[in-house]
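Input: a single structure, listed below in structure tokens.
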Amino acid sequence: MKSIRLYLLLALLATITLVNFVSLLHGYQSSMQKAQNLFDSRLESTAILIASANSRQVGQETVTNQQTPYTFFQIIDDNGQLLTRSENAPDKVLGELEQGFHIINFGSYRWRNYVYRDTVLQRWVIVAERIDIRYMLAEDVVMESLLPIVMAIPVAALIIWFAVGIGLKPLNAFASQLSERRADDLRPIELERVPKELTTVVNNTNSLLLRLAEAFDREQRFSADAAHELRTPVSVLKVHLHNLRTRLGKDDEDIILLRDGVERMGHLIEQILALYRTSPDQAAVKFEHVDLFKMVQEIIARGYDAFESKQQEIELDGESHIIEGNVFALETLISNLLNNANKYTPEKGQIHAVVRRHEEGVLLRVEDSGPGIPEDQYQRVFERFYRLHGDQHNSGVVGCGLGLTIVKHIADLHHASIQLGTSAWGHGLRVDVIFPLRAVNYA
Amino acid sequence: MLLNAVVIVLREVLEASLIISVFLALSQILNRSLKWMLLALVLGLISGFIYAGTISTVSMAFGGIGQEIVNATINILIFIALIIFVYAIPHQTNQRCRQLTVIAIMSTVILAIMREGSEVLLFITGFIGVPDLLGPVLMGGAVGAGLGVSVGVFIYYFIVNLIPRYGVWVGYLLLLLVAGSLMSQAVEFLIQADLLTSSEPVWNSSNIIDEHSVAGQLLFALLGYEATPQTSQVIAYICSMTALFCVAMFSFIKRDRN
């Protein structure tokens, strides 16, 4: 069943049509029978009337002034001799001379006749009517009463369509409230009037939404607690490592490996937390107006030391564009793109960031003069923990294979699209993130 | 006249709506697109108008037995399409079988609507010159069509609301009856054209259910009921149902083995 409204319309209309039309046929047959009875009784009265009006007719004589083409009469004596008749009547006796109704054939038509025995003058009076005309007259009368039943069907269809539409309004309102909701909106559904049939569905859905909201709250608290609990020991570890290096006074190979390991662990913790917080199914995300250009500018300024340490040339082009987004998520997205560019671009390399208007919304582009990514790896780099060239990654940079996965999550969260390509330098990576028009606020 | 019109139109519309409702229901159960069905309905109506418009030429063909031959051919073609349909249905993962299903559905619907539609059209247009009878005929036609379509709607929702597996089998059962009825009628047309010899009726059930009554016409449309069937008609009825059943079973067994 694809549509409840269509089902109800068709099922109700088919039921009404079947019941009405079967009744109509039954009524038609009964009415036709009644009409035939009426015609018969009129025929009988006519026969008696003709017998009285023609009491002095004794010889064979034709009456020319009284009959319509579809009725005739004859008066016959006991010897079967025709005494008189209407002009259109046969000149001999057709059928039996027995009082009552009979059917005879005459002049290519079937006739219904009534034979009347005039006991006073000892003669027979026959009056006949054409059967087809009787049926036609009867049908004309009956049809007038049947026509409204047939004409009522389209009207009924229209009324059912609107009535069912009104009946389904609460269901449609329920569905539209669900479909128009943002992923982070876990408030209970409120309907003005909940019909009995929908009460269970609405109550259960609201109870489910409540449980979901509580679960998200718990997870968020866990995320914050875990971040705090994991960050602190790593920071302490870093301090002890720094003290150890100072005390030993030289960069021992084991110390360097230990330092790299701690940095890697710290980075991994930050990325895993970012991945969780920016996951599209993480509902507790608040959207607000964000100046994308300004945000990129600030992040470049904050991380300028990293670019400076590798003597990289970084450039930002474009103009101010306000989009609707989550500040933390967007900062993470931009940081990840710029960090990747910084890490994988060699010393004295170039990095170019752009924020500008695009035909589909606002474009954020980050490209570098690094080694880039082979085209056949474009899809795979968004997978969790996937690193180019696998575990034998030889770039020598700290990474965990979550950076672009997080970027993808954040883009999905903002309904933005990501395109990877080759940078303007012909070998580096170009990442384009296009925020759609509906996420853009130009006010 | 109204009753005659009801009986004649009901019989034709019911036959067509039975086929359409079964195909619509099976298409929905098997998640097939309904756009082909809509296209077939439109093409069937156009073909019906063309067939009705050329009926006098068709009748004069083959020495005056053209209409009987064309009608018998249409029935046989629908039967072949049904055979293809029941064969292809279990193999919907195969692209060729999917195409065959669409072709079979379209052919059946187009041919069925063409034949039944042209007969209704010919019946009604025959009264255009008789104003006294046109009213009752049109009303009878509307009542007959309304009853036929309503029964079709019920059959459709009955099949669709069954558990899919049972829905398919009920649809198949109705198609078996349609196949038997079609081939029995095809034989009757060939007997009318003197291409097959007539024989004594195998039975005469006119006194139980008159073939020309409303009940008789309903049974004719649903089961191919005839009050006085000839031996060749009974043979055609049984053989065609058996053939369709065997092809359906063979196709399911073949799919299960693969």
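Heads up, the Cβ atoms here are built off N, Cα and C, so glycines get one too.
Here TrEMBL flags B:6-26 (among others) as transmembrane segment.
As annotated by TrEMBL, transmembrane segment applies to B:38-63 (among others).
The annotation transmembrane segment is assigned in TrEMBL to B:69-88 (among others). Panel annotation: around the transmembrane segment (B:69-88), residues 19, 58, 61-62, 97-98, 100-101, 103-105, 107-108, 111-112, 114-115, 172, 175, 178-179, 182-183, 185-187, 189-190, 193, 195, 240, 243-244, 247-248, 250-251 of the same chain, lying at least six beyond its termini, place a Cβ under 8 Å from a Cβ of the stretch.
According to TrEMBL, the feature transmembrane segment maps to B:100-117 (among others).
Feature annotation from TrEMBL assigns transmembrane segment to B:137-159 (among others).
For B:166-187 (among others), the entry in TrEMBL reads transmembrane segment. Under 8 Å from some Cβ of the transmembrane segment (B:166-187) lie the Cβ atoms of residues 15, 18-19, 22, 25-26, 29-30, 71-72, 75-76, 78-79, 82, 85-86, 89, 155, 158-160, 196, 220-224, 226, 229-230, 232-234, 236-241, 243-245, 248, all in the same chain and six or more residues away from its ends.
What TrEMBL records for B:234-253 (among others) is transmembrane segment. With a cut-off of 8 Å between Cβ atoms, the residues of this chain six or more beyond the transmembrane segment (B:234-253) that come close are 79, 82-83, 86-91, 172, 175-177, 179-184, 186-187, 202, 224.
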If we call contact 3 or more Cβ pairs under 8 Å (sequence gap 6 or more), are the transmembrane segment (B:100-117) and the transmembrane segment (B:137-159) touching?
no
